[in-house]
Amino acid sequence: MAEMWLFDCGEGTQHQFLRTPYHPGKLNKIFITHLHGDHLFGLPGLLCSRSMQGNSLPLTLYGPKGLKAFVETALRLSGSWTDYPLTIIEVGPGLVLDEAGFRVTAWPLNHPVECYGYRIEQHDKPGTLDAAQLIAEGVPPGPLFQRLKQGLTVELEDGRRIDGSRYLGPATPGKKLAIFGDTAPCEAARELACGVDVMVHEVTLEQAMAEKANSRGHSTSQQTAALARDAGVGTLIATHFSSRYDAEGCQRLLAECREIFPSTVLAEDFMAYSVE
């Protein structure tokens, strides 16, 4: 079953939803990287609007310690509530969830407040079952094939035991994503990003301002690009540009990234990127 996940919820998120084909009522999970306002202040409004629209689909929030207190306080003091099941899970480093075909882990980053990046790994897809070979060996098609597709061993009426894993083709590796919160360069970053198909990472400032960026827990264009290169990333989606940069300035950031990692694109509002 397809799910809709949201990573971070800055101010105005619910209004941006109105300009897309997506609906907040379809959200299943929201992951918050850290509790700075530009990543969080849109959350109470989104939760309330989702309720006012009559949505009943359960929603789970994941984020650092303090997320539960923030949400509960905002709702309580504003006299607001949700009419749908809302679960808030405060995460730490390590496994966040492993369900519905995906595994999510949280990695601590280098920022003035507790901050995480999330690694999302799709489970490998089992190989194709060699039905023709099974039929040739006298295995009747039907419900047994479903179990064999899972790599299980089944017993036939004649007493033979058939190991499904022997009749499966090579598995298709699942896709991998790394979505970073704000961070200066740190040791965990390379492990978080290792071998992912897509890395979404901040590019707050240009390389000439590295000292300023790092002192505030942020990364530069070329630091992020070097991480993508060293971690064997497929595509870097650069985001979180300082407000000092206009459209022309953002193109300079892109050029600096591409000097080191050519497979870089700039994130834009409403951009869709398909991980093939």
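Heads up, the Cβ atoms here are built off N, Cα and C, so glycines get one too.
Automatic prediction, not curation, is the source of TrEMBL annotations.
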>> Asp38, His39, His240 show up in TrEMBL as binding Zn(2+) 2; which entry in Asp98, Asp163, Asp182 does that record put in the same site?
In response: Asp182
>> For the C-alpha pair, I'd like the distance in angstrom between His240 (Zn(2+) 2 binding site) and Asp182 (Zn(2+) 1 binding site), rounded off.
In response: 8
> Looking at the binding-site residues Asp38, Asp182, which one has the fewest other Cβ atoms within 10 Å of its own Cβ?
Replying inline: Asp38
> Given the binding-site residues His34, His36, His39, His111, and counting only Cβ atoms in the protein chains shown, which has the most within 10 Å of its Cβ?
Replying inline: His34
> Can you tell me how far the Cα of His111 (Zn(2+) 1 binding site) sits from the Cα of His39 (Zn(2+) 2 binding site), in Å?
Replying inline: 13
> With a radius of 8 angstroms around the mean position of the C-beta atoms of His34, His36, His111, Asp182, what other residues of the same chain does the Zn(2+) 1 site pick up?
Replying inline: Thr33, Leu35, His39, Leu109, Pro112, Val113, Cys115, Gly181, Thr183, Gly217
>> Quick check: with Asp38, His39, Asp182, His240 left out, which same-chain residues have Cβ atoms within 8 Å of the centroid of the Zn(2+) 2 site Cβ atoms?
In response: Asp8, Gly10, Thr33, His34, His36, Gly181, Glu202
